[in-house]
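Structure first, commentary second.
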Amino acid sequence: MSYTELESGYQDISQQHQQQNPHQSQPQQRVGFYLGLQDGNGDTDFGDSNDGMDSDTSTSSSNSKQVVVGICAMAKKTQSKPMKEILTRLGEFEFIKLVTFEENVILREPVQNWPTCDCLVSFHSKGFPLEKAIEYAQLRNPFVLNNLHMQYDIQDRRRVYAILEKEGIEIPRYAVLDRDSPDPKHHELIESEDHVEVNGITFNKPFVEKPVSAEDHNIYIYYPTSAGGGSQRLFRKIGSRSSVYSPESRVRKTGSFIYEDFMPTDGTDVKVYTVGPDYAHAEARKSPALDGKVERDSEGKEIRYPVILNHSEKLISRKVCLAFKQTVCGFDLLRANGKSYVCDVNGFSFVKNSNKYYDDCAKILGNMILRELTPTLHIPWSVPFQLDDPPIVPTTFGKMMELRCVVAVIRHGDRTPKQKMKVEVRHPKFFEIFEKYDGYKLGHVKLKRPKQLQEILDIARFLLSEIHTKAHAEIEEKESKLEQLKNVLEMYGHFSGINRKVQMKYQPKGRPRGSSSDDTNLAADQPVEPSLVLILKWGGELTPAGRIQAEELGRIFRCMYPGGQGRSDYSGTQGLGLLRLHSTFRHDLKIYASDEGRVQMTAAAFAKGLLALEGELTPILVQMVKSANTNGLLDNDCDSSKYQNLAKGRLHELMQNDREFSKEDRELINPCNSKSITQALDFVKNPVDCCHHVHLLIRELLHIISIKKDDPKTKDAILYHGETWDLMRCRWEKIEKDFSTKSKLFDISKIPDIYDCIKYDLQHNQHTLQYDQAEELYIYAKNLADIVIPQEYGLTPQEKLAIGQGICSPLLRKIKGDLQRNIDEVEDEFMNRLNPHYSHGVASPQRHVRTRLYFTSESHVHSLLTVLRYGGLLNVVTDEQWRRAMDYISMVSELNYMSQIVIMLYEDPTKDPTSEERFHVELHFSPGVNCCVQKNLPPGPGFRPHSHGDNACNVSLQSSDESNPARIEEENDSNSGEEREGKKRGTSGQRSTDRSAERISPAFGFNRLELRSKQFKSKPIPIGAHHTVSGHEAMDLAKRLNEELASHQQQQNQQLRPISPDIRAVTPDCEPRSRSFEQRPTSGVCAKEPDSQVSVSVSASVSSANASTSSRRQRHSIAGQMSYMKMLGFGGFSKKMATSANSLFSTAVISGSSSAPNLRDMITVSSSGFGDVPPIRPLETLHNALSLRKLDSFLQDMILAQIFKTPTGSPPRGFSKNTLPAVSSMTLTASNQTEVVEHEPISTTVTPTFDRRGSESGSTADAHLRLLSESQCPNLDDSNTELRESLAGKMELWPQDIVKAAEDEELNLSELETKPSLDLTMEIMERGVAGIASIQPMNRDSDETMGGGVFLSVCEEQGSGSTCLTPVSFGMDLDLSMVANKGSITLSMEGFDDDEDATLSAATTPSLLADCEPRLESCYCCPSHAEAPPEVPSDDPRFGFALPVRVTQASPEHARPVRRAHDPVSPRIQKQISLFEGNAAMATGQEKTESSGSVGGGAILHASINLPAAGPHHLRQDARLRKFENLTQSTSNSNFPFESNTLKRVPMQTTKDYDNVSHTQSCINLKSGSSGVLGGSPQRQRGSDGGGVGASGVPAESREPTRVHYGRMNSTCCSASASPSPSPGALIVKERFIEPPKRGVVRGYHGKTQSMDADFLFNEFLLLPAMAPAKISFDSSDIDQASDDDSPSSSKQRHA
């Protein structure tokens, strides 16, 4: 029987009784105090007492004996409101009579004169004579509610902790410093800068210092220097303060204290109030340690929030109540690290301001007293039914979706310019410091702590004094730098540990020289001694403006949570829902920040705004912000910096050409065709001229600074953030020197610094500086920076993706986990949140919202954006929302301060839990703060200034171009009331004014009516609508939007694009309807400005049977540019959609509305908001119809993806032959038009084999056939159905592994975008089964076969020799050990189990070695790239080609010669292996074999791989060897992977046993005439060697006719040096390739389909022989090129 049923029965009996005795029950109107009464809904209601039901005792005579309850406490307590409330309710019990002892009596009268009572409620407070109360209890022997003797213990924190420990209750680690003890061992204290040692126990800061007396509330918390130092001093509340921050960092020297670890509690404390062992009321309040500001409600009471305790906490509450023998007892809980700790026991105390608690408490106490005393006093009282706990009443969900998770990645706020100075030092004092901090172990030291910086400062002062007293040449040379070192270290008067750092690096042979500002007085021939390079870094601190931005953004963020716009329950502020959520533990908030001070302070300021905190940032930082560098989450020291440097090198070389950018230059600099970069290139024209102009402007600026510095009127002027004229001059002088190098070239890497500095000075110092050309310098620097900064993260999409994945893989993994945990959570564990009785305005009290905020620097924002943009999340062709989003991102020129990417996960509990519509994901992005200056716009079509949304901000554009009028305010579309509503705009500076006032200004220079008539309305896609937009709905939405756009395209073709204001209103009443792309001349603009958003898609492998669903799931890759959330407001949908996200986001971009920001013009706005704090642009919704499954699989692919490749997912193994899965291919962006053009065919070789997985091969063949027939030619019309049928007929001939390689290498094909004219067709040649050879796998009995190859070659129109572009390739350093190698592993990782805790550490991706520096060339011909570029709709003429496919029969003699596993190892491999083992001796003596035809002693691998001695053939498997070694190395997590018994050689049959497998690991392109990678001399490579097997594995007699053609198909691709002009498609850069970042093996979470054992690895990577064509069909045109084609035609082989 349930409690409810019992209660119901009990009530029925009582009511019948009342009806029988109406005369008795009528006069008694008192409330009955019983637990578990029922409300009208049939739910058990703990708190409803006024239900008209009387106490059972109503039948008794009112004259019978009563229980006398004596209240013995100080008057201040007995007269307090909570006590009065409870006593009033207790007095309503018929059998209870209350007697309150007067304070005078208690203090002055002997206990004999005190009133007598049956039950004593007595408790200690300041001034209370506890000993008299004990004496009274012994005299009268009443029933004592709270044990009096134990109240002595409660007054001593040492005893409290001892009792808690004895009961097994968790408490913080602590130690007692007892200065009163005679034993010196009890008061040993050693204090250091960042820790104290108490009686031998060390406490690192932050720690807590508590007086041993519980009556002393002066508790101090000490902070570490890394967070700014100082301490927070807590005290009993005085007014609205409960603590204050103090800069004092030293502990107190008098008195006895308890020292304990500080527990990070996310800023809230839980206060628990027991009433007996079975009842506990808990509430949360803001921790006094956070900011010391007491939150009070409108009545001035401290705001507290009810909390539901979890099971373990209820047990703690019971234990505390019983251990201290206090029926009524309060104690403090800290929830930290997943546990609950008791940190204080307060004894008798009541909850304030909770009527519900007063009811409960009086009921429980009354019943407890009566139950105890009525039997002895013979009172006829029957015990009512009781419930231990109030039941949980879940609220109904309704139609709104429930927000479950918010993940945001946010860049830090406005900062001072970062500055750096290097100086070479040799003084012994520096070496002493270096040694002291273990510099010789690592080769470098980082000094950040105040004490360390003080030591460096002391040395600098000492050396400077030495210089002045006695000249010393070595020191003198550095005087200016030492002076600067001293000035910087003395700058703020104190060291806080977050704004300066010194690094020292050991240079055994002195320091290599760099730019002109380096100290370079040493002669070149001077003998060099070891030295230290001292690098001083300062600046880069968060400015006050940055703090305001972050705080305001935090405040805005509140509004996206449930109840954010609802009624104001407590403080009347916006975003209240979040504050309640947080304080009631329904908000699971974690804030991570990388370790830079500016990032941490941004995070703290954001938390301050988000949670409405006050006070200093240091305490908030310590409690709320977790450092993400402990787990490498936001670490910047990742390997991809090496590859970034190589990309930078290529970019910088391209920017050194002293000529206007040619078409080729543009294609090389901006292969992704980003609109913002195109725009900047148009402005810059000649990069050298532009740099020269910038240099001149900087010199002028320096001249002005020197004048102002000496001018008596201005020399004392205070610059922003306390900077002096001297410091400003030093800053600009260093930039000026560094920018212009000794060779008279410009150092392009300084452009970001120049832009940084001028942006800072223009925003903060222009009023003092008054430099007339500041804006001009800003504009030039910005345009240069718009090219340099984004392209330093890679030029091509593949480079960008590779570098991006290298930087943000750990973060992606964490985000994936954040989203996943919401689905998997166990309900029981989360029952510790909001009491449902208080859940007004919150969707469901038992659930919680997970918020994860990651604050980081620009690199992570860029990387995450790149991964979203190019990783293949959605398809720009089929997904209209995504196309618009990508367009928008392409226009974003800069990821400014406070840029954000936000992912929001919603759940619809009404949907089936397994349905894809259950969880719904939205993706938002903001480019951060606005630029700080209005600037001229380059003339040209499509540019139109936009409004700031505020008439007062109207600024005229200084533009001579008539089509560039002054700023045009937002159009007022008077046709629609809804639209008028949507035009409300506000700025941050106007938050206090009426934001809903419309600000419409007249048009300037435009016929507004004409514009309006051309406008059309598209319904915005509402965010947070009443149902999930997913499945077919998303497709319909996109289709509808498309049709609307299409219907208006023609008339808008010539029209200029309007731009929305960057500001949107914050108020929930203002829902601006934004219409960004409505007036966009979609087809026209696209045609003029092709933007190849090349997104390399991850194939979703879903059944094509459900066409619409599958196409939806395969939408293309995310362009997620991180941007600032506009602090000021956001817009986007009608009021009937009002949900938690209401008015927070703009859906302008995806809904195709006219107010979407058009960032192409890079317009900046005048400062608005807080003085000179520019406002933040709104979060634009990139997509609001994503399914969680889609996003999850995308993140999984990105985490597992091999660098440089798009992670193409493979089709699921084992579906039947008649289901052909649709596999999405790489899609080059964009438009709805496709040209299909016939061209001459190119030849393709397909070698079918049996798949070694047996029966699976047929089904996967279907998939791959479809891959080649459909994804490569998606737009072939019906005339090509014959082709498809003929392909279908051959599907059995397609081996899984071949096309797997094709899928894996898909990404390289995207490079086709680099040249407009490519003739591509495909000819598929079959082979008979006769040509199939087999492989003997290790430890297998059966012969299973594997092999085959798919090749493409490209025939260019000019016939200038083939080209090969490996977009991001491998570093060729011979001295790089394998451990350090980062190549690209091509194993598809889908089959491995996911290990959530796996770390991305082990190197799995080796580099390939070469004898020479390769050129970067363009390759569509390598076997591994076994696919032609896909046919996609595109408005870019470069992609307007068709790909006819011709199937021809190949004869069996095309079988290729085979390489056996026991063939000799090439010397290159040998060298690599010996390097890996650190055994240099092994490498010697191998070199000579390269010039002969065979390898002699190169067969040694590692002792544990038992390969036979040299044979007649070359083992061309180094790629797989290294891949295999590194893979096993990473899977075993050991330095060297092999156990000698793991891999045993099985004797092989003959060479004919294998088929050659020809898949390049990467196209390594070698210079002409150099020795081949795979062990052949140049002569042999050119075919001059008479016998044996050539480098390509072709018999000598057949080599000559085939080499030319195959050179393009299989080789390292004829280099550009062989022909005078680069071939179309070639990207020729002389730098070496970019190495990919190190990747670890991460296991997939799908079913385990392949065991990752040694056999599998060995077979998969090591024993698959390389393959080359014996005879290949070729055109006569190929032979013509034979004489030109002089480069080696061997390619590193690998099996995908």
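Cβ from N, Cα, C; glycine included.
Summary of the site annotation: Swiss-Prot records substrate binding at Lys76, Lys77, Arg236, Lys237, Arg285, Ser349, Phe350, Val351, Lys352. Screening the candidates Lys65, Lys253, Lys271, Lys363 against this entry identifies Lys271 as the one listed for that site. According to Swiss-Prot, the listed position annotated as phosphoserine out of Ser60, Ser974, Ser988 is Ser974. Record check of Ser62, Ser915, Ser1255 in Swiss-Prot: the feature phosphoserine is attached to Ser1255. In Swiss-Prot, the feature phosphoserine is assigned, of Ser926, Ser1060, Ser1623, to Ser1060; the remaining candidates carry no such note in the record. The phosphoserine entry in Swiss-Prot, when matched to the candidates Ser287, Ser1001, corresponds to Ser1001.
Counting only same-chain residues at least 6 apart in sequence, those with a Cβ under 8 Å from the Cβ of His217 (ATP binding site) are Leu234, Phe235, Arg236. A count of other CB atoms within 10 A of each Cβ picks out Arg157 as the most crowded of the binding-site residues Arg157, Arg236. If you count neighbouring Cβ atoms within 10 Å for each of the binding-site residues Lys76, Asp332, Ser349, the highest count belongs to Ser349. Glu260 (ATP binding site) sits 33 Å from Lys76 (substrate binding site), taking the C-alpha atoms as the reference points. Checked against Arg157 (ATP binding site) by C-alpha proximity, the binding-site residues Lys76, Ser349, Val351 yield Ser349 as the nearest. Distance between Cα atoms for Ser349 (substrate binding site) and Asp332 (ATP binding site): 12 Å, as a whole number. Residue counts for the region 'Polyphosphoinositide-binding domain' (394-465) under DSSP, helix first, then strand, then coil, are 29 helix, 23 strand, 20 coil. When the Cα positions of Lys76, Lys77, Arg236, Lys237, Lys271, Arg285, Ser349, Phe350, Val351, Lys352 are compared pair by pair, the longest gap among these substrate-binding residues is 23 Å. DSSP assigns Lys271 (substrate binding site) to a strand segment in the three-state reduction. Closest to Asp332 (ATP binding site) in space, going by CA atoms and restricting to the binding-site residues Lys76, Lys271, Val351, is Lys271. Taking Phe262, Asp269, Val345 as the binding-site residues under consideration, the smallest Cα distance to Lys76 (substrate binding site) is found for Val345. Taking CA atoms as the reference points, Lys271 (substrate binding site) and Val345 (ATP binding site) are 10 Å apart. Taking Cβ-Cβ distances under 8 Å and a sequence gap of 6 or more within the same chain, the neighbours of Phe262 (ATP binding site) are Pro172, Lys205, Pro206, Phe207, Val208, Ile221, Val622. Sequence-distant contacts (6 or more apart, same chain, Cβ under 8 Å) of Val351 (substrate binding site) comprise Pro82, Tyr273, His281, Glu283, Tyr357, Tyr358, Cys361. A simple way to gauge crowding: the CB of Glu260 (ATP binding site) has 22 other CB atoms within 10 angstroms, across all the protein chains here.
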